[in-house]
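Novice: This is the structure I want to talk about, given as structure tokens.
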Amino acid sequence: MGGATLLSDLGTEIVIPICALIGIAFAVLQWLLVSKVKLSTASKNGITDPLVEEEDGVADHSVVRKCADIQAAISEGATSFLVTEYQYVGIFMIAFAILIFLFLGSVEGFSTESQPCTYDKTKLCKPALATAIFSTISFLLGAITSVVSGFLGMKIATYANARTTLEARKGVGKAFIVAFRSGAVMGFLLAANGLLVLYIAINLFKLYYGDDWQGLFESITGYGLGGSSMALFGRVGGGIYTKAADVGADLVGKVEQNIPEDDPRNPAVIADNVGDNVGDIAGMGSDLFGSYAESSCAALVVASISSFGINHDLTAILYPLLISSIGILVCLLTTLFATDFFEVKVVKEIEPALKKQLIISTILMTVGIAIVSWIGLPSSFTIYNFGEQKVVKSWQLFLCVAVGLWAGLIIGFVTEYYTSNAYSPVQDVADSCRTGAATNVIFGLALGYKSVIIPIFAITISIFVSFSFAAMYGIAVAALGMLSTIATGLAIDAYGPISDNAGGIAEMAGMSHSIRERTDALDAAGNTTAAIGKGFAIGSAALVSLALFGAFVSRAGISTVEVLTPKVFIGLIVGAMLPYWFSAMTMKSVGSAALKMVEEVRRQFNTIPGIMEGTTKPDYATCVKISTDASLKEMIPPGALVMLTPLIVGIFFGIETLSGVLAGALVSGVQIAISASNTGGAWDNAKKYIEAGASEHARTLGPKGSDAHKAAVIGDTVGDPLKDTSGPSLNILIKLMAVESLVFAPFFAVHGGLLFKIF
């Protein structure tokens, strides 16, 4: 074949960890820059900052102290919730780890003898027991990394929110930089940690596996399973928490009592702000980490049975990790464009600055991928394609990654077009509020369904191109391409909840109207970037789960999946139903938790005297407790549905039916996920469009409190569970079922299909 790679194996072993460490160092640097904003009132050399005095006209100390208190309350609430959640999830993690060990170990009856290899019967490979042990270890590693990623993100976000509020007094540009830098801390920590832990795990496992690379990379698949199973609970639990609080606060506060959002008189206000951090930040972090881990695992599994693995070409097999390493460097450069090269000075520049981040990172990354493909791949090689080896050239693999990368950008921009209030779709939704909530809901649903069209074509084109060039490996690297700029994607994504919190803190600390306007502008841009982030997560989930599906089919030893056999077809239909079942569970959970929250908030307004006058503080703690209890109780059934389905189907109905279920869930899940998150995002921004009153059209729809505005609030409230609970959790459902099937494939291949064996 096409000779050696330009980059030596030693070079690869140095480049990958160094890039990861650079990413961690950059995150620490950004964090130090954010921490320069002080939350204590002692100012430089005892003289208060004159700039602040003039603008606020109030003694500054009380405001800073209030901000610090509110930030402490939010941080404490978020930490205690996550710690409790991780205790629940920890129990599950240990139970599932035991299950992996038992199921995979039993494939060859726990024997410790070397076995003939799956793909080459002439050679001996390590026993299935080894795969069981190492899969279990990598599962735990993935789970712990996922949890740590989410937790660190939440810590940084709660650290930065009040600092963003205080910087907003100096102008919108300063506040933007604090919020953006803190987002970058999370993005880089996550990308670098994910890469570093995976790299170290591969090297440690190699000490045992030696030349048996198939066994090595099959046991690494546990890493993706661990990452995603934690993400599922983080996303569902966090999503239920945040939306119960949000819906409760909105319905009673805005619609019944006519007080503004984030008003300190609202008992649910702390719970609402805590929710932004546990749902959007910790959940999103774990989610994207899961996608990243899984696409790497899918690529590595297919590569290990291709010429890379057969010839033991280390640089070429670690190509997925090299892409991520270059990704970290590219994102580092891109981040400097937002924080150092160009400064945001006025409100209009916020959204373009965030959009430029996506464009710059994509263009630079295209160059980065070209370089990696040139030095990290042989000029031609073979890729395993359902039983035979397919010859692939290095430029074709470059195109696979690039098509994924650009498809991600397209999905991002389409999402933005449908959810940003700068464009006609959201303005039409806002306009439909004139005639009440019903028309608003109709228009919003239609917008969500319509927004599915272009992303699906982007995904289908990238699947077709990458599959034609490099079979399943092509799809896996296309997913990696989409996720290669994950550090930037997460930075603009985490920026949203941070600015949302900053606005809440400004309102609660009683800051002046001008500051609240600035934080609102930051927040509206953040809403759109959050929608873009969700678009990325869903698009990459579709590609990742298809790649995992391919790896599963290879590992289970099926060469074709016949749609027209009854075994497969029943699987398809049931699989397509699962996202609906799952959405029903999560929506209902949010609804019932919100109901409890509404009752509690009403009770406080009615029974505690002096809340509306602002003379007594509402009881925030009870509301926080309602959200916490509800989300911990309600995250178990949807989680169980996703985790148990592949096991039940695989054991009782066998591999063919399971492949049908995976395909069905993928096909229907992507559609619901995109439409749900875009509908919710559009309703939210239609409400913000009316509130901001920036254009003539928006002013005719009313100030806050007009009928049109109330209709918009109802739409926003309906959309909340769609965009923050069901939609984002669905992409985890698709990926998780696929990666779980991949990990358990050997067991299903040997012992699965009990029902069909009986008959």
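Positions of Cβ are set from backbone N, Cα and C atoms, glycine also.
Since the structure is predicted, the reported quantities are computational estimates derived from the model, not experimental observations.
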Novice: From the ranges 298-316, 564-582, pick the one that TrEMBL records as transmembrane segment.
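Specialist: It is 564-582 that TrEMBL describes as transmembrane segment.
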Novice: For the transmembrane segment (317-338), which partner among 14-34, 127-154, 358-377, 536-558 gives the most CB pairs under 8 Å?
Specialist: 358-377
Novice: When each of 14-34, 175-202, 358-377, 536-558 is checked against the transmembrane segment (452-480) for Cβ pairs under 8 Å, which one has the most?
Specialist: 536-558
Novice: Before we move on, state whether the transmembrane segment (88-107) and the transmembrane segment (732-756) share at least 3 Cβ pairs under 8 Å, counting only pairs 6 or more apart in sequence.
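Specialist: They are in contact.
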Novice: Considering only Cβ pairs within less than 8 angstroms, which of the stretches 127-154, 358-377, 397-418 has the most against the transmembrane segment (732-756)?
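Specialist: Checked against 127-154, 358-377, 397-418; highest Cβ contact count belongs to 127-154.
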